[in-house]
Amino acid sequence: MSSQYLLNLRIRLPVLLLLLEAALILIFGFFVSYDHSQNLPRDYPVFQDVNLMVIFGFAYFQAFLYRYGFSTIGFNLLLAALGVQWAVIVDGFLFHFSAGKIRINLQSILTAIMSISTVLISRGAILGKANLMQLIWMAVMEVTVFTVNRWLAVNLLQIESHVSVMHVHLFGAFFGLMVSWMLYHSSLSWKAEKERSKPISDMFAVLGTLFLWIFWPSFNSVLITEQDKKWTAIYNTYLVMATSTIAAFSFSIATSKNGKLSMAHIQNATLAGGVALGFSASNIQQPWIAMVLGLAAGTISVLGMAYLQKHLDPALQIHDTCGVLYTFGLPSLLGGIIHVILILTNHNKNLSVFGCSALIEVGALSLSLCLSLFSGLLTGFILTCKLWKTPPVTKYFDDQVYWEFPHLAV
Amino acid sequence: MSSQYLLNLRIRLPVLLLLLEAALILIFGFFVSYDHSQNLPRDYPVFQDVNLMVIFGFAYFQAFLYRYGFSTIGFNLLLAALGVQWAVIVDGFLFHFSAGKIRINLQSILTAIMSISTVLISRGAILGKANLMQLIWMAVMEVTVFTVNRWLAVNLLQIESHVSVMHVHLFGAFFGLMVSWMLYHSSLSWKAEKERSKPISDMFAVLGTLFLWIFWPSFNSVLITEQDKKWTAIYNTYLVMATSTIAAFSFSIATSKNGKLSMAHIQNATLAGGVALGFSASNIQQPWIAMVLGLAAGTISVLGMAYLQKHLDPALQIHDTCGVLYTFGLPSLLGGIIHVILILTNHNKNLSVFGCSALIEVGALSLSLCLSLFSGLLTGFILTCKLWKTPPVTKYFDDQVYWEFPHLAV
Amino acid sequence: MSSQYLLNLRIRLPVLLLLLEAALILIFGFFVSYDHSQNLPRDYPVFQDVNLMVIFGFAYFQAFLYRYGFSTIGFNLLLAALGVQWAVIVDGFLFHFSAGKIRINLQSILTAIMSISTVLISRGAILGKANLMQLIWMAVMEVTVFTVNRWLAVNLLQIESHVSVMHVHLFGAFFGLMVSWMLYHSSLSWKAEKERSKPISDMFAVLGTLFLWIFWPSFNSVLITEQDKKWTAIYNTYLVMATSTIAAFSFSIATSKNGKLSMAHIQNATLAGGVALGFSASNIQQPWIAMVLGLAAGTISVLGMAYLQKHLDPALQIHDTCGVLYTFGLPSLLGGIIHVILILTNHNKNLSVFGCSALIEVGALSLSLCLSLFSGLLTGFILTCKLWKTPPVTKYFDDQVYWEFPHLAV
């Protein structure tokens, strides 16, 4: 890495960030004001649960690359800080714009935080392979398209607003995979030494996983306004996390040659249940259905990582650092399908009405899938541009490209 | 360790887990439904505090063995995920079964999470010495007996329900010690190199300790329904944590040969106050009483670890990896005794009535003690069976028996 | 370090701690009782957020010295446990003493926890350079003076009670700098090898930083009683954290010779926005003002660390281990100035009234500044006394002076 490369970044990156921030402040100054009429004090602790998940949980969850911890955590914070401001604005203009003003409340910031998790999921697919400028651009693109996607789902397809946010996992995973596909480089096809985890970095990663596991009931229930449905979502999510954990351990041992557990399986598959339940958290009335869903999601996630990843990734020419396809992609697809089936079977009185609402859900899923694939492709294509100064493959997965290390100083 | 051993586990363990899970799903399917009538939104954040303590706090609290971090944290999650489902059912059948249905609510899941902490405490005594199959069996046994114990205390002895749950520390500690006694092996009598902590693993362990310390007021107050008593429990617990911390630091220095602190003392004894206060958290009206109790509990805990453990453990042929006797066992015994004394002295108007209620508390303590000792003995005896494939002593405290390490792969 | 030194501590420290604790228990016994009339259940989760910040967040935030992690975290807990008890009493006697009794509630413990953060900030300036006896003495002194300072501000200057607590950052930083000045030693002028961080200790430090970042909206809003103002403080704090994060990343890269990020900048400057907003969190009605303030605070913090620290510290003969001047000192000064300007400009109807209230705020800031500087100087002077057995400079930043390390035992 020539020092010219970094000196270039030294000027471009601060200028880009500060210009973006200046633009954000101007937009906030002209359009945004606070609204206190809708807030309930009881919502604040659950807001903080979700904030903790996104800012802390996701950061440490992906911090398993032992030479890339600083970048994983630091860039996560920067992307969230920037993305939340941008998401508030896009969401505000699309959903809450009236009389020339956007009036924001706790719900707005919460929705922004949840929207930004698409970016953090997508980033998992290109973790260690993109520089900060590329990530910032991706964040701005992805939050915009995801919010447009929500707007289409809510206004055209009449999807409930809280369900539309639950598309984050699906959207984030497939967007990220497309970006990863565009950034693919043939020398990435083998697991490099730097791409491995060490026990100590895995200990940090499990830390993040556990916080995501614990607060997932908050994530799946926070936007639901009806109290009984909120409780149903909380119970279902707790059970689904429990059963996908059972599946993760069972199949991690069963798929191993020598009967040993893989920490990567445990970290990812224990969360698959929460992902899969997203769409139907408040609709499932029988605990056993949630439990079966969790078991299935955990199973798919482990089996995918154990058997599919090795063959699929090279075949598709995708390098998916965190395995987001298996933690978020497949489980959310499963969850979407189950959601549609549940709508059809739960209400068998009037099949035509529910057939229609099932069709709408299929439409919403297809919309998210298409938009995420297409916009991911476009974003990835733009990111291959030389302007972004992509780091060379030899500098992938390495904090030293971006961070000073005082202990290495003479 | 022959590869045959692990291949054996590779089949048995997934089959055992999946069969158990299938049984749980069937029972949930036939008997369990959701109940929303009792829930208060304000209970959810405190529920999450306790969830965080049990899933994350306990896991990292015990993660001080530097070669056993993955197993400590991973198995903790599995035991909790499995145990909570089982505890909901056992608790449901014993306490909430009517008209062929168990109606569960937040309280049910909360009680299940708290009940599972008996297992996590017991596990501390055999940490690093039992395999996953043994732990699963222990979890199922212990949760069952503990819930039966609660049922006896509540229905026969008319103990308040929230006090009956506070027996977790006493029950968990003595159950674990009995299991540890049965699994005792003479070559364990010296502190092996692998049984030591390293600064880095201690940093993770303190992390867990601090989360337990911080949220202990939630643990001691969450099940109390009367608001004033809830607040009293919160204040008392905060003060008791503070004073047992003072005791921990004072006596850790005082008992050291060279005036240095021991991280093991600090980790364990700072929590002893919260353990000891469990029974009487809402009954103590004067802050100074709580403070003295905390000071005493912290003192007992450090003195026990510093002077008793070295002599008592070999004499009793117990190997208590985490020192649960000194963190949970003795402090909860102290707390039980103080609870009885407080009942007798707090209400000196009508000694006969309160003498009776004191006697009942003595009965409840004895019941917990007897049941935990007896069922622990029985469980331990069953676990010595060859069927379980206990790992050999040379493989104790070692993650490599159970986990794949990618960084060691060629 | 002669063994005589440690043996000396072995007796003195426990005696000092236990005598202090005995005195606290006596005072609690004679004067303190519980008050349940003022408590709202919804306050408890936010109380726990702040508790988590102070007990856990501050501890890990300062744990970047790779050979001083145990002391950083352990002493933090001890100081908090002791300081909270003492702060409850001092606050009680000054603010809530009536009819010979102090009636405490959640608010009292909360105020005590927030007051103790002055000590934890000050400690950052002398991290690694003072022993436990010195820190205990400093804690007792500082909490007392800070509470007196609050009393003067509230009763003489009619400052709102919740704003008076927000002086913690200003007070803590300048008190600590004065103590650090008194303890200055010329051999400290170069960055010793032991004073550096390692990637692994920085990973723990970022953990603390993130928790502080996430829960800062709770810190800035918890004491505000009016609901609308509380929400305003929450929104403003969230935005201010976001923009100071942008500033931190931008200027960390811009000020680096080779365009790399410095983890020390990121850790400290991302929090500067929350510090600066403290005084005016509930008064700023336009989001863009908060955002500009956050950007300015983050910028000042990084620029201070990058350019000022190298020259100012040696010139002033101050050794500021954690850079508290740049994380807490300058940002809170900035926040104070902005607070005064906002009062003057926000209400331009009746300038004389608001000029008066602006003058009062200036008075409050000057009072905090003067009292912190003077009492810090006095405390530092007392700590230079030989009685305290200050460790020699060669033993600075080293856990082995205070802690036993089992893995080093033969």
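The backbone N, Cα and C atoms fix where each Cβ goes, glycine too.
Marked as transmembrane segment by TrEMBL: A:12-34 (among others). With a cut-off of 8 Å between Cβ atoms, the residues of this chain six or more beyond the transmembrane segment (A:12-34) that come close are 82, 85-86, 88-89, 92-93, 97, 100-105, 132-133, 136, 140, 389.
Among the features that TrEMBL reports, domain 'Ammonium transporter AmtB-like' is placed at A:39-384.
Residues annotated as transmembrane segment in TrEMBL: A:46-65 (among others).
Sequence-distant neighbours of the transmembrane segment (A:77-97) (same chain, 6+ residues past either end, Cβ-Cβ under 8 Å): 17, 20-21, 24, 27-28, 31-32, 54-55, 59, 103-104, 108-109, 111-113, 115-116, 119-120, 123, 132, 135-136, 139-140, 143-144, 147-148, 150-151, 154. For A:77-97 (among others), the entry in TrEMBL reads transmembrane segment.
Taken from TrEMBL, the feature transmembrane segment applies to A:135-153 (among others).
Annotation comment: TrEMBL describes A:165-184 (among others) as transmembrane segment. Long-range contacts of the transmembrane segment (A:165-184) within the same chain: residues 111, 114-115, 117-126, 129-130, 138, 142, 145-146, 149-150, 153, 220, 223, 275, 278-279, 281, 316-321, 324-325, 327-329, 331-333, 335-336, 364-365, 368-369, 371-373, 375-377, 379-381, 383-384, 390, each at least 6 residues beyond the stretch ends and with a Cβ under 8 Å from a Cβ of the stretch.
What TrEMBL records for A:204-223 (among others) is transmembrane segment. Long-range neighbours of the transmembrane segment (A:204-223) within the same chain, counting only residues 6 or more positions beyond its ends whose Cβ lies under 8 Å from a Cβ of the stretch, are 43, 46-47, 49-50, 52-53, 56-64, 69, 107, 110-111, 114, 161-162, 165-166, 197, 230-231, 233-234, 236-238, 241, 245, 263, 266-267, 270-271, 274, 277-278, 281-282.
Taken from TrEMBL, the feature transmembrane segment covers A:235-254 (among others).
Residues or ranges marked as transmembrane segment in TrEMBL: A:288-308 (among others).
Residues annotated as transmembrane segment in TrEMBL: A:324-344 (among others).
Taken from TrEMBL, the feature transmembrane segment applies to A:364-385 (among others). Residues 122, 130, 134, 137-138, 141-142, 145-146, 148-149, 152-153, 157, 159, 163-164, 167, 170-183, 336, 340 of the same chain sit 6 or more residues outside the transmembrane segment (A:364-385) yet have a Cβ under 8 Å from a Cβ within it.
Scored by C-beta pairs under 8 angstroms, the transmembrane segment (A:288-308) has its highest count with A:235-254, from the stretches A:46-65, A:135-153, A:235-254, A:324-344.
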